[in-house]
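Chemist: First, the structure itself, so that you have it in front of you.
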Amino acid sequence: MLWTANTIMRKFSSSSAYYQNKLKLALIGQSLFGQEVYTNLRKQGHKVVGVFTVPDKDGKADPLAVVAEKDGTPVFKFPRWRVKGKPIPEVVEAYKAVGAELNVMPFCSQFIPMNVIDFPKHGSIIYHPSILPRHRGASAINWTLIEGDKKAGFSVFWADDGLDTGPILLQKECPVEPNDTVDTLYNRFLFPEGIKAMVEAVQLIADGKAPKIPQSEEGASYEGIQKKSNAKVNMAQPAEAIHNWIRGHDKVPGAWVVIDGKPVTLYSSSMLSGSVPAGQPIEVEGASQPGLIAKSGLVLFGSDGKALQVKNLQFEDGKMIPASKYFSSEETTSLDLTDDEKKMAEEIRAIWKGILSNVPAIDETTDFFKSGAASMDVVRLVEEVKQKCGGVQLQNEDVYMATTFQSFIQMFVRRLRGEDQEEELVIDYATKDVNNMTVKMPYQCFINGKFEDAEDGKTYNTVNPTDGSVICKVSYASVADVDRAVSAAKEAFYNGPWGKMNPRDRGRLLYRLADLMEERQEELATIEAIDSGAVYTLALKTHVGMSIQTFRYFAGWCDKIQGSTIPINQARPNRNLTFTKKEPLGVCAIVIPWNYPLMMLAWKSAACLAAGNTLVLKPAQVTPLTALKFAELTVKAGIPKGVINIVPGSGGLVGQRMSDHPDIRKLGFTGSTPIGKQIMKSCAVSNLKKVSLELGGKSPLIIFSDCDMDKAVRMGMSSVYFNKGENCIAAGRLFVEESIHDEYIRRVVEEIKKMKIGDPLDRSTDHGPQNHKAHLDKLVEYCEIGVKEGATLVYGGRQVDRPGFFMEPTVFTDVEDHMFIAKEESFGPVMVVSKFKDGDVDGVLNRANDTEFGLASGVFTRDINKAMYVSERLEAGTVFVNTYNKTDVAAPFGGFKQSGFGKDLGEEALHEYLRTKAVTVEY
């Protein structure tokens, strides 16, 4: 990819004062693209001395001509510039008379003579929608998709006497998404970024800094214009090649096949992942096997046996239908409109009239396309209707599906009423009879509202830590799957209903989601128990219970996110109003750990969604199942597709791609400090995405001799053994005052001996298995190091002699400050105890703070003055006084130092997923 110098780019983007040199320009071209280039060049102070565009068609002027004539710019509408290959003298003279210093050709369908191209002082520049020298010719976007290119882009080049062979001025590129069409690629990147690039190119020329980089012939290609006659699909090739051919012709000129002996044009193709849906067979000429008309569309099979899916079909008479309705003979029932709907229909009639200005009157039978509308008119119609009737979601294809005014109004009203039914969610479950119920567990990636296999088909085993057995195979997401998920989240944020939804309506969906979680709490807790080893009663109360509370808490925040007004100095004699707005960030990534799979999901995603963002979430590789069950519930709650995406897989692959992805604006991570540092580095290098990190801990718990001993023993054990010690805020080190040390240890050991170790689904179990085998092995090694360094192993320290990954609750005493177990987190059921001299408050505080971690801490004492003194000096994000593990959805949670930054829970968590915009108005 060719770029101008970084310094030039920086000045271009950051300083309006940079635009000092201006040019006199001739714009030669047409379309909305030409209109936007024209408008933006004039905004930057360049003088457009003439616009040369195409003649009016059916009484309608080209959009470029419309805006130029409105501005008083001279407009010339020559039908042609040459006759029999020779320039028309009067046309050339009319052009020369405007005195342009540079020709700008944003989109031009006419052949321009070289004596016009070379006439201006600076020559001519042209926009071309491919990364030259690849795909020279008039159908470059089509061929980018047809050839299956992984990258698309555009070039601004200096015109010469060749065909798209002139020197390059600048180029920009973007990834091609798996289901991109010509429309989506153009609307997402080639149109908006192309406009900016044309303006940038003109300024570089004005400043004398525009490069001329000769095109290489290596990799050069030229493809002809695609027409309907040569757009027939060759079905004797792999499914992906068929998919590329269809999307490369969508919407113009339209790829077609022969179905039941009749030509049918295919639109909205996507590769089919997962199992092939049931459907009614249909003969497709040249295909290796019959297609299927399914609920989701037309399924076609390639020569490799893989499948793709087509959403819409168009017949020779121009009628377009959903492919799923091919065999349906039902006619759409005409709707009776309310008074408000009739008023909207008349407003839409006026929009049709504005576009179809050549039509005397718009009646119910007026056909949009037969009246002369083109593809750009489709875009205009959709955008004007959306602007006039906010909240209604329309796409370009809706116009092709309802071409007459009556059918368009019927479609619009059904959409307005919410009568368009979403296709039924298809889920392949892994089922298990356990805990007196049958649990049904999705196991595929959840992307854009659908469960589907990883793109490369890879899977891995998720294991029950109670006995080491395989629960099921789970999709192992690839980089391509992450990219698809991000693309879906981006589309949902910018173009879907989520981004336009009223905050109160968003809150209503989150409340509904919490209700569904509560209805299914026993199933969720059971899945959590078998996938993570959590004791069922704890999973029910904490893992699931607090998750429900979290969603309800943040659902209530949706319509309470507010900015503020700010008094500033007035620009007299005028007055000013300055206010701030809190806005969502966009697409957010969330990476969660394995100790509280559902609760960590809730802590981060509830705040993220309440703020109005969309998300892509990676559950821990070893505990993916409750996250995927949660995804199923989000669909039932009515959360729009693309808002939530779940991609199970490895941190090194999926997590790294999230950190690197340029379209992700925020990443929230809970996990180890080393991985947190790597994530922060990748987020900075990629696009400076916002980051919040909840990392490792070595939380100190100080127990003074004046404590309530019963409570200190009970809470001290909970601080270490809660959730098998797999607890980020677990007390990693206990400091016990010398005079009560021995009694404290004796009572702790007595209580440990009463603990029942066993099946987490047994309601009487106190202590379940560690999460996975590798973690158990590290705990055993951790204890061995403690013994070797001279700490006293009072109890435990070994794996329990039974199937599964069980670790004995462990107690170490005589732990000195320099020892490994005094400094490093075990993340398991290991109590590390050091004594301190009676009355040495400052001494024990110094020892407690002598760590790079600062997640949580605690103190037990009956002396309120001592408690306040200690709590003020403990360097930790949370301090517990005479309690432990007492977290609440309304209280912010997060660490200091190398335990990370940013907060989960409480109002502060919302700010992690919002940005503040200041607006100043002069009046």
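Cβ from N, Cα, C; glycine included.
The feature (6R)-10-formyltetrahydrofolate binding site is assigned by TrEMBL to GLN110, PHE111, ILE112, ASP164. Positions annotated as active site, proton donor by TrEMBL: HIS128, CYS728. Summarising the annotation, TrEMBL assigns site 'Essential for catalytic activity' to ASP164. Taken from TrEMBL, the feature domain 'Carrier' covers 339-416. The NADP(+) binding site annotation in TrEMBL covers 592-594, 618-621, 651-656, 671-672, LYS778, 825-827. The active site annotation in TrEMBL covers GLU694. Here TrEMBL flags GLU694 as active site, proton acceptor.
Structural setting of the listed features?
Modeler: Over all protein chains present, the Cβ of ILE112 ((6R)-10-formyltetrahydrofolate binding site) has 20 other Cβ atoms lying within 10 Å.
Within the same chain, the residues at least 6 positions away from HIS128 (active site, proton donor) whose Cβ sits under 8 Å from its Cβ are ARG136, ALA140, PHE154, SER155, VAL156, PHE157, ASP164, listed in sequence order.
Model confidence over the domain 'Carrier' (339-416) stands at 81, taken as the mean pLDDT rounded to a whole number.
Cβ contacts within 10 Å of GLU694 (active site), excluding its own Cβ and spanning all protein chains shown: 28.
The Cβ of CYS728 (active site, proton donor) lies under 8 Å from the Cβ of PRO593, ASN595, THR670, GLU694, GLY696, GLY697, LEU855, each of these being in the same chain and 6 or more residues away along the sequence.
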Chemist: Which residues in the same chain, at least 6 apart in sequence, have a Cβ under 8 Å from the Cβ of LYS778 (NADP(+) binding site)?
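Modeler: In sequence order, the residues whose Cβ lies under 8 Å from that of LYS778 (NADP(+) binding site) (at least 6 apart) are GLY828.
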Chemist: List the other residues in this chain whose Cβ sits within 8 Å of the Cβ centroid of the (6R)-10-formyltetrahydrofolate site residues GLN110, PHE111, ILE112, ASP164, in sequence order.
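Modeler: Going along the sequence, the neighbours come out as MET105, CYS108, SER109.
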Chemist: Using CB atoms and a 10 A radius, I'd like the single residue among the binding-site residues PHE111, PHE827 with the highest neighbour count.
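Modeler: Comparing the binding-site residues PHE111, PHE827, the most crowded Cβ belongs to PHE827.
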Chemist: Mind telling me which of the binding-site residues GLN110, GLN621, GLN656 has the densest Cβ neighbourhood, counting other Cβ atoms within 10 Å?
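Modeler: Per the Cβ count, the most surrounded site is GLN621.
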Chemist: With every protein chain in view, what's the tally of Cβ atoms within 10 Å of the Cβ of LEU653 (NADP(+) binding site), excluding that atom itself?
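Modeler: Step by step: centre on the Cβ of LEU653 (NADP(+) binding site), count other Cβ atoms within 10 Å, giving 18.
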Chemist: Measure from the CA atom of PHE111 ((6R)-10-formyltetrahydrofolate binding site) to the CA atom of ILE592 (NADP(+) binding site) and give the result in Å, rounded to a whole number.
Modeler: 58
Chemist: If you skip the near sequence neighbours and keep only those at least six away, which residues in the chain come within under 8 angstroms of LYS618 (NADP(+) binding site), Cβ to Cβ?
Modeler: ALA477, ALA589, ILE590, VAL591, ILE592, ILE646, VAL647, PRO648, GLY649, GLY651, VAL654, GLY655, MET658
Chemist: Return only the integer: C-alpha distance in Å from ILE112 ((6R)-10-formyltetrahydrofolate binding site) to GLN656 (NADP(+) binding site).
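Modeler: Pair distance, Cα basis, whole Å: 49 Å.
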Chemist: Would you mind sorting out which of GLN621, LEU653, GLN656, PHE827 (the binding-site residues) have a C-alpha within 10 A of the one on GLN110 ((6R)-10-formyltetrahydrofolate binding site)?
Modeler: none
